[in-house]
Amino acid sequence: QVDAVRVYVNSSSENLQYPVLFVVRQQKGVLSWQVPLIFRGLYQRTYNYQEVSRTLCPSEPTPETGPSDQVIFVDVASMAPFNITYELLVTRLENFQLETNKAFNFTASPSQPQYFLYKFPQDVDSVIIKVVSDAVYPCSVVSVQDIVCPVYDLDHNVEFNGVYQSMTKQAAITVQRKDFPGEQFFVVFVIKPEDYACGGSVPSSIHGNVNRTWNLQRTKNLQVMIVPSIKKYVYVQAMFFSFLSFLSFYLGSVVVAFVHYIRVRRKASAGRLSPEDGSGIMTSSHPITAGTPEGSSYGAIDESSSSGGRQLSSPERRPPAGSDTDSSVEEESDFDTMPEIESDKNVIRTKVFLYLSDLSRKDRRIVSKKYKIYFWNIITIAVFYALPVIQLVITYQTVVNVTGNQDICYYNFLCAHPLGVLSAFNNILSNVGHMLLGFLFLLIVLRRDILHRRAMEMKDIYTLDYGIPKHFGLFYAMGIALMMEGVLSACYHVCPNYSNFQFDTSFMYMIAGLCMLKLYQTRHPDINASAYSAYASFAVVICLAVLGVVFGKNDMWFWVIFSMIHVLASLALSTQIYYMGRFKIGKCYLGIFRRVAMVLYTDCIQQCSRPMYMDRMVLLIVGNLVNWSFAIFGLVYRPRDFASYILGIFICNLLLYLAFYIIMKLRSSEKLLPIPLFCIVATAVVWAAALYFFFQTLSSWEETPAESREKNRPCILLGFFDDHDVWHFLSAAALFFSFLVLLTLDDDLDVVRRDKIPVF
């Protein structure tokens, strides 16, 4: 048992010019302080205490000498020219050594700090120090220090040694045996003279000209309990669980592909299907020629309305089958000439009823080459974005490990399991799902791409014009984006804080944007945005996100400018979508507003009963109302988490467009096959579960580190993963199912002529 001695002193003197000096000499060190004891705060404020209590560095009996008495010298001195009365009391601490799994209650104040000793049991390699208090304030600091004398137990020096974190009502520090060669350490508790470090305000009694306070009552009742952390086998169990959970998706995909292969072969042998069928490619030997029932609003136009699309179906306008090679000398403009008046873009794309044949007139090789740029560009972006991010978060982790300042990173300290130099390995491991499922999605897209190319080699598919045009560049880009989201989310969770939260959201913007582009490309392959303009738009969004992080807290001017940009961008994009890109802005950008005014006049005044493009008008009105609502919300409430605010805008627009697409698909009497229907249901269920865990806030860099720790909670899965880790698992699965919805949604149209597939 280790013996410790505590010295209590008190002096009635308030003369700061002649303090009483106390010097305690021990065998291993010297400890000194003065009374009144002075603490300094913000703006040169001082806090003076006439009662001081300090614990002396303990002595531990050695095997050679055995128990022995401690010899302590206490020197008291003052330069005062008059007598000063003081009180000195020395006591032996009965409960200096903390025990495992046993709570201990005590009291501390700025002038009376406390520290205790803990020794690792033989079978324990890691422990968690849990400290709780019923009161939020006063602000305190919990520190873990090696067995070195003197112990740094005052506000101005507690950060000099060991690991420390600020605290209001809760704190937790994980300590590993390997970090302490002596297999023991001190747990130090310091009460700060002011609360600003924990989110509090300066006490009202010292506002104004008064900058000196005496004996401010800042006593805090604390409870400390040290519990063993998880064993090494739990790490192995958690890693197996993480990988096997997502490898089961690979197994399921293989089973689905095998069952599909057997089904297709059996039907092919029966003569009902051609043998080159494969999930989303043209399979019928005698395809149907109508996708909508007679009398449908989309099928109500005459033959001339889609004759232009059929003219391009002639073999002489198509390259030979199998010639899907990209040519470096062929440009999109070479295949975009429409000399006939019936084939002019302005005539075709502004018809009241459009069909897919009207918007899939360009040569497939050129369009495929255009969409492959999405894939190659996102790889380049990922490399240039990820490398500096990895370097930065490694620096953050190094600073945390070297300085011991655990206020830098906003972990869930009650469920932060270190591994190597990483402080919270569980938060990083849980992102493996994004990478594994992103790679699986790439494999699924690659399979479809190969089967499609194989079908083209075996049959002249260009002469048929059936189904949605197969362009896989955006799907490949989505798979890379999902993998990079896992990488950057893991980087963010190396040291989550206010400065690097954008790493966790940047590729979320790109995923939402790519999904919207893919959904639009499905029935608008000729007029979808190019990769250069799309990624340039994403770059603008990320720039706005960075500006929002810097200026979005308190600057009203930023929110006014951003809301204006948001509303104007919504109007510009709406006009572009409404007219299928067939309008000219003119010499001045103000021309777009003249166009908007013309739309309002023609569709809302001249034809108030029914706009020219009713479905598009409904979608755009609802979309603009949603976006204007976001803009008004931002102006009024100015949310501090600007990155999540922008992400919410993207997600709401994506969900709105997807819902519109599915409704219009069903309205056009198109079918949902079993696989896309299953994916839609799975997406909804998994997203609902994921969002439940997402809103279980475990930390918040919008607050001070001490306030953030009040939200910390224990692990809920395998004793290793917390609620946010479960969000990582479920969100990865939800994104994967969402991608499969976009990939398989229109598989029912593979046997329908393009001049019978409506555009919406």
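Note that Cβ sites are derived from N, Cα and C of the backbone, with glycine treated the same way.
Features as listed in TrEMBL:
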- 238-262: transmembrane segment (TRANSMEM)
- 272-336: region 'Disordered' (REGION)
- 304-314: compositional bias 'Low complexity' (COMPBIAS)
- 327-336: compositional bias 'Acidic residues' (COMPBIAS)
- 374-394: transmembrane segment (TRANSMEM)
- 428-446: transmembrane segment (TRANSMEM)
- 474-495: transmembrane segment (TRANSMEM)
- 501-520: transmembrane segment (TRANSMEM)
- 532-551: transmembrane segment (TRANSMEM)
- 557-579: transmembrane segment (TRANSMEM)
- 617-636: transmembrane segment (TRANSMEM)
- 642-663: transmembrane segment (TRANSMEM)
- 675-695: transmembrane segment (TRANSMEM)
- 726-745: transmembrane segment (TRANSMEM)
Region pair the transmembrane segment (238-262) / the transmembrane segment (501-520), three or more CB pairs under 8 Å: no
Maximum Cβ pairs under 8 Å to the transmembrane segment (675-695) - stretch from the list 428-446, 501-520, 617-636, 726-745: 726-745
Interface present between the transmembrane segment (642-663) and the transmembrane segment (374-394) (three or more C-beta pairs under 8 A): no
Remote residues contacting the transmembrane segment (642-663) - C-beta distance under 8 A, at least 6 residues beyond either end: 501-502, 504-505, 508-509, 512-513, 515-516, 519-520, 522, 541, 544-545, 548-549, 552, 566, 619, 622-623, 626-627, 630, 634, 672, 680, 741, 745, 760
